[in-house]
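A.B. asks: Quick one: the structure is below, questions incoming.
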Amino acid sequence: MRSALLKSTSELLRRSRRGYSSSANPERKVAILGAAGGIGQPLALLMKINPLVSSLSLFDIAGTPGVAADVSHINSPALVKGFMGDDQLGEALEGSDVVIIPAGVPRKPGMTRDDLFNINAGIVKGLCTAIAKYCPNALVNMISNPVNSTVPIAAEVFKKAGTYDEKKLFGVTTLDVVRAKTFYAGKAGLPVSEVNVPVVGGHAGVTILPLFSQATPASNSLSQEDIVALTKRTQDGGTEVVEAKAGKGSATLSMAYAGAVFADACLKGLNGVPDIVECSYVQSTVTELPFFASKVRLGKNGVEEVLGLGELNDFEKQGLENLKGELKDSIEKGIKFAHGN
Ligand SMILES: NC(=O)C1=CN([C@@H]2O[C@H](COP(=O)(O)OP(=O)(O)OC[C@H]3O[C@@H](n4cnc5c(N)ncnc54)[C@H](O)[C@@H]3O)[C@@H](O)[C@H]2O)C=CC1
Ligand SMILES: O=C([O-])CC(=O)C(=O)O
């Protein structure tokens, strides 16, 4: 009796999870480019167990057959296929609804994300050229760093191909939100599952601006000193992991989690689930900068609405002014690269 009750309760809970309950969810293909890497592998696992995914396409320049065979044995509906090398990229992409890009090199201690530009800019440009050809209507979730520049590169590639739709291009900044939530919940003594913190700006150092004045639930136990420390830790979260890994790369597991959260939100938006809001780095008029991360409402066509910044306190207003110069330079660097190469 007890076990029957537990079984039906967990089934009810499972079915009531927002956005997963309908049996009428459409078929959705998700492609991961860079799927055999440190982020790609755990992200492939998480997308395989996402009930909204019916087809999972794993692409890399090496190692995908093994990852695809491994992930394909998991007990969930998504059909998994592995693709390797440039001549299989088209097939990997065709029919994709969401393309997630964690392809490229990660940082080592002492490097900035911008130090990855020279290698990753070319990788992203090549992959986006193929996306424009094979799945121009897909939502693109850009993880490859430096995100502040790789998203403008992608936009320019799509513009040149005549396929650019600003509603469909996203820089994945979810890991900044994930970190801000964890650090805030820990310091304020709140359950992290109930916490939310918007993070705006970009995805590198001072361009990452957590808005703790808008954190929910509000906490009155934190001093200004605490907020300054939480802000700095969120901005340096990537470096904290790079240093702890001591030469073996950057965040992979927490990034895979964050990437899966964001892709899930994109899929729910595509499927018409209302009020799906996540922070993301998108084409924007929220500030004078052409790309900016802020809360975004996701819908059937991708971005439904880029939400404003809300009210900032003086510390956050100063943070916003401080980030604009670096973010502007990173955007311009990406655009210049796309035009010149
Ligand atoms: N947006 C964010 O918050 C974060 C971004 N990142 C970035 O994600 C990227 C990947 O990081 P990791 O997975 O740790 O690196 P990794 O080196 O472990 O994996 C990268 C994978 O990309 C593949 N790759 C290289 N060129 C490719 C191409 N042309 N097409 C397809 N695949 C290709 C490699 O073969 C490798 O399997 C880095 O640029 C890193 O900085 C990392 C953490 C957080
Ligand atoms: O710090 C890095 O190089 C990787 C990254 O973007 C992050 O962990 O936020």
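Cβ coordinates are placed from backbone N, Cα and C, and glycine is handled just like the others.
Sequence annotations record features per position, and here TrEMBL assigns active site, proton acceptor to HIS203. Feature annotation from TrEMBL assigns NAD(+) binding site to GLY34, ALA35, ALA36, GLY37, GLY38, ILE39, GLY40, ASP60, ASN120, ILE143, SER144, ASN145, MET255. Annotation comment: TrEMBL describes ARG107, ARG113, ASN145, ARG179 as substrate binding site. The domain 'Lactate/malate dehydrogenase N-terminal' annotation in TrEMBL covers 29-171. For 173-337, the entry in TrEMBL reads domain 'Lactate/malate dehydrogenase C-terminal'.
Would you situate these features in the structure and describe their surroundings?
C.D. replies: Cβ neighbour count for HIS203 (active site, proton acceptor): 27 (other Cβ atoms within 10 Å of its Cβ, all protein chains included). According to its DSSP assignment, HIS203 (active site, proton acceptor) is coil.
Cβ neighbour count for GLY38 (NAD(+) binding site) (all protein chains, 10 Å cutoff from its Cβ): 19.
Taking Cβ-Cβ distances under 8 Å and a sequence gap of 6 or more within the same chain, the neighbours of ASN145 (substrate binding site) are GLY104, PRO106, ARG107, ARG113, LEU116, ASN120, HIS203, ALA204.
Over the domain 'Lactate/malate dehydrogenase C-terminal' (173-337) the predicted model carries a mean pLDDT of 98.
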A.B. asks: Helix, strand or coil: which one is ARG113 (substrate binding site) in, per DSSP?
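C.D. replies: The residue in question, ARG113 (substrate binding site), is helix (DSSP, three-state).
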A.B. asks: Return the residue, from the listed binding-site residues GLY34, GLY40, with the maximum count of other C-beta atoms within 10 angstroms of its C-beta.
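C.D. replies: Ranked by Cβ atoms within 10 Å, first place goes to GLY40.
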A.B. asks: Just checking: which of the binding-site residues ALA36, ARG107, SER144, ARG179 have a C-beta under 6 Å from ligand 2?
C.D. replies: ARG107
A.B. asks: Given ALA36 (NAD(+) binding site) and ARG179 (substrate binding site), what distance in Å do their CA atoms have, once rounded to a whole number?
C.D. replies: 24
A.B. asks: How many other Cβ atoms sit within 10 Å of the Cβ of ARG179 (substrate binding site)?
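C.D. replies: Excluding its own Cβ, the number within 10 Å is 26.
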A.B. asks: Which has the fewest other Cβ atoms within 10 Å: ASN120, SER144, the binding-site residues listed?
C.D. replies: ASN120
